[in-house]
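Notes to accompany the following structure.
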Amino acid sequence: MEYLKFVLYGLIQGLTEFIPVSSTAHLKVISLFLGIDDPGASLSATIQLGSVIAIAYYFRNDIFNFRSQSSKKFLEYLFHERLLRSIFIGTIPIVLLGGSIKIFIPSFFENVLRSNLSIALVSFLMAFFMYLADSSKRGSINIKNHNFSNSFLIGIFQAFAIFPGVSRSGVTISSALISGWERGDAAKFSFLLGMPAISLAAIVEFVSSFNDFFSLGFFPLFVGLITTFLSSLLAIDFLLKYFSSNGLKIFIIYRVIFGVVILLNL
């Protein structure tokens, strides 16, 4: 039964990290509704790592698209590669905002912004923002022709995903659509942009709960990691195909229902 809990956490993380509904909110709320423990920082860090590995594996040709070259040329290639530079630029805002919160308002963040009421209200706000994105005119910006200001703008919106209930994929895909991206590439760039952001979040969780790793044990964490990895791959593959010809409507409706359910159970 204990291992089923880790499988559940892995499924929730893997699916909701990429489906625009907020993984943090679902991990917290579903744990509360089912009467099971909050996954905690150590488990959260491990299962987030599963999502990062899934992104790296799924997009391995985009990230490591090189033929046999010397190490020096490969490093030069990485440094000058447009996509990787865009991801780096888009990650800057969330690093600055996340660091500021950790330094200046850590208690307010944990006690107020992570409350169920806050998550419900944020879910409604995100539903409205996603509606604006879904209603916007289809654009022509894509992975190949975007510029660094495009990636930085999306990165600014990604920074708000620090707040529970926002959904990193939801806010980045929506902001990309509003700023003129094609649907399929908006989702693809969102997932790629998530690699450093999710990795940094996992590192912060790991550092803050290092001792807890030893109490949980290796095998339960491994179960959570593998479950997250597999469910993340399924979510990425499904959503890239889905967004190539569909909008955000179904997720907008879900976010409204999710917010209402939380409010009714306060």
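Glycine too: its Cβ is placed from the backbone N, Cα and C atoms.
Among the features that Swiss-Prot reports, transmembrane segment is placed at 39-59, 86-106, 112-132, 147-167, 189-209, 216-236, 246-266.
Proximity of distant same-chain residues to the transmembrane segment (246-266), defined by a Cβ-Cβ separation under 8 Å and at least 6 residues beyond the stretch ends, is recorded for 19-21, 25, 29, 33, 116-117, 119-121, 123-124, 126-127, 130-131, 133-134, 170, 173-174, 177, 183. Proximity of the transmembrane segment (216-236) to the transmembrane segment (39-59) is established through 3 or more Cβ-Cβ distances under 8 Å for residue pairs spaced 6 or more apart.
At the 8 Å Cβ threshold, with sequence separation of at least 6, the transmembrane segment (39-59) lacks contact with the transmembrane segment (147-167), having fewer than 3 such pairs. Listed as Cβ neighbours of the transmembrane segment (189-209) (distance under 8 Å, sequence separation of 6 or more from its ends, same chain) are residues 17-18, 40-42, 44-46, 48-49, 51-52, 55-56, 58-59, 62-63, 83, 86-88, 90-91, 94-95, 98, 102, 143, 146, 151, 154-155, 158, 161, 168-169, 172-173, 176, 181, 236, 240.
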